Amino acid sequence: LVSAFTKKPKTTEVTAGNTAVFEAETEKSGIKVKWQRAGTEITESEKYVIKTEGNKHSLTINNVGKEDDVTYAVIAGSSKVKFELKVKEPEKSETVTPAEAVPAPAASESPAPPAESSQNTEVSAETQPEERLDPIGLFVARPQDGEVTVGGNITITAKVAGESLLKKPSVKWFKGKWMDLGSKVGKHLQLHDSYDRNTKVYTFEMEIIEANMTFAGGYRCEVSTKDKFDSSNFNLTVNEAPVSGDVDIRAAFRRTSLAGGGRRMTSAFLSTEGHDDGAEFNFSSLLKKSTQRIIPFCRGEGKSESQSDVDVWDILRKAPPTEYEKIAFQYGITDLRGMLKRLKRIKKEEKKSTAFLKKLDPAYQVDKGQKIKLMVEVANPDADVKWLKNGQEIQVSGRYIFEAVGNKRILTINHCSLADDAAYECVVGDEKSFTELFVKEPPILITHPLEDQMVMVGERVEFECEVSEEGATVKWEKDGIELTREETFKYRFKKDGKKQYLIINESTKEDSGHYTVKTNGGLSVAELIVQEKKLEVYQSIADLTVKARDQAVFKCEVSDENVKGIWLKNGKEVIPDERIKISHIGRIHKLTIEDVTPEDEADYSFIPQGFAYNLSAKLQFLEVKIDFVPREEPPKIHLDCLGQSPDTIVVVAGNKLRLDVPVSGDPTPTVIWQKVNKRHDLLRNNDDSMTPSENSSDSNTDNKLLFESEGRVRVEMHEDHCVFIIEGAEKEDEGVYRVILKNPVGEDKADITVKVI
């Protein structure tokens, strides 16, 4: 990444009351330059005088005071150069070196960065003017901008006051907005810190080893304590290593001058502007190989003909067709197909002319905005000529000038535009001389470079840069391989005025790498890091133990509601059906199994898609074994009249008596009917302590058992009741009847008195 400045302001020390002048020069004229004082833009006034002449810019500070002892900056496009004004009191007799004593205007060359003359560079508090302690911030010396050659080393230093700190401050180094360099320490990057007990100052260093072009860009140093925070931004410029075959040392040392109506030459390695004190040499430009790759051109300002050092027509004529696209991009050819057609029409051999002594060259080229002269020599000095453009006669105007000087006929085209890129003819009588004019646009510069980015897998990536011309043609590369329009399924290219975009809709880990945007005048590189998404598990699935026919529900909750996943059973994906359901609502994922069977017992897992997670649990089937235990229930007689006094049933002689007695008990009880005699009845009434078994025993010996199922007096047995029947009741049937129920659990009995009238 090349600085927009060919000459940078220097830190200067001035006595209070004097005037300080800072000068800067840009690569091109017309570039807008801003000056800042302590981070605030300077507006012109009696105190501050700002001047711009072509590519030269100056800031004059009148009547310098102690309050002017701050940091200043000059900004052009994306390039920013910081410098300082050191103000000393008049009474101080301080010895300064000549370099410090000479005001900035005396220097005509840009300060040679140490990295250009040595492979090891250190930008530290010792090499920079000492900064005063910021009463609000924490830095004693802030990290400064640095410049290094590819393959060289550089150390950036920051110093923090530790006198008022109870413990060591926390310092972080960042590249761009987000990349924490603490995780990048290794072969090419080292971070160091130390503490000076005498000065009570912490020193923090970022050392870059064997720098490459991707290290260029903006950096930030952040320092924090318990109750304070401070940060400082700085830039690192990485220049390509000089190649001996590409550098003309003699041309670099040649003084630039303007003689007579001569042309001013520009070179990729030599500053384009000259000064009266041209004896100064630009060592920085000498040793730096431009990354903008601008093709040198001669500007035809005072001569009759404008001719580039490189003939694009000749290059196209000799190049194989496979190289056409590359040449068109390098030299800014916007209509390659049309230019090739015109090239094909150029006549290589023409018959000898009687009207022309010297015809037009087959082709010419000129830079956009410049002028060009097309000249022929005619045999007859009095001959009239016509000039045609694409077959139409050209009329005299402010841009088109016709000249006749002896035998010479000259067409001058001023301020050439792309509309002048056409076929031209000079007509004398019946004879014509043809030529083609190619108007070359100036190199497209990158005015706002790409920025490094870090995203999560699946997120959208948008690289953005700004170039010097609207609708310019650019190339995008990933890790040195060009991204083509055919890859639109992955990449999308977009233009919006001067802005150029590369868009990746859904990034993957494979998209990580270095992306480059190239124009025919520069390039910019940025790094893309695609990280795995960080997923937090709020609730994992748990082991389950369920019984047959029950429902089993595995449930988990994750932090991202958009994350999908799959369920596995013993390592195989679970396929939903009528009994097995899978649901995903918000952050919650569920696997529901209805009517669990022994076959459902297994290890179940949930795997979120795109993450190295495996949430697992076990389903255990609970088999219930039931041992049959017969139900036991004591026998029971269910008579509504029980408990009433007296329990007497009256029947008319000759009528039928039917007595239904509901009974219960498990096992089914045995039913015994007895007719109790009077003596036993008296005995029962006089001895209430008699047990059932004793009573039963006496009944068996003294009472008449009734078990006939047929006859006038009979008993019928059913599952849940028994029936006592007397057909045609007689007086002798009168008495007390007892029903007794027995089973292994117990017994029950009831007495019923029957009276016949």
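Keep in mind that glycine also has a Cβ here, set from the backbone N, Cα and C atoms.
The following features are taken from TrEMBL:
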- 88-132: region 'Disordered' (REGION)
- 95-118: compositional bias 'Low complexity' (COMPBIAS)
- 129-237: domain 'Ig-like' (DOMAIN)
- 351-428: domain 'Ig-like' (DOMAIN)
- 442-536: domain 'Ig-like' (DOMAIN)
- 635-753: domain 'Ig-like' (DOMAIN)
- 683-704: region 'Disordered' (REGION)
- 688-703: compositional bias 'Polar residues' (COMPBIAS)
The domain 'Ig-like' (442-536) - residue tally per DSSP class, helix then strand then coil: 6 helix, 49 strand, 40 coil
Secondary structure tally of the domain 'Ig-like' (129-237) (DSSP, helix then strand then coil): 7 helix, 57 strand, 45 coil
DSSP helix/strand/coil residue counts for the domain 'Ig-like' (351-428): 3 helix, 39 strand, 36 coil
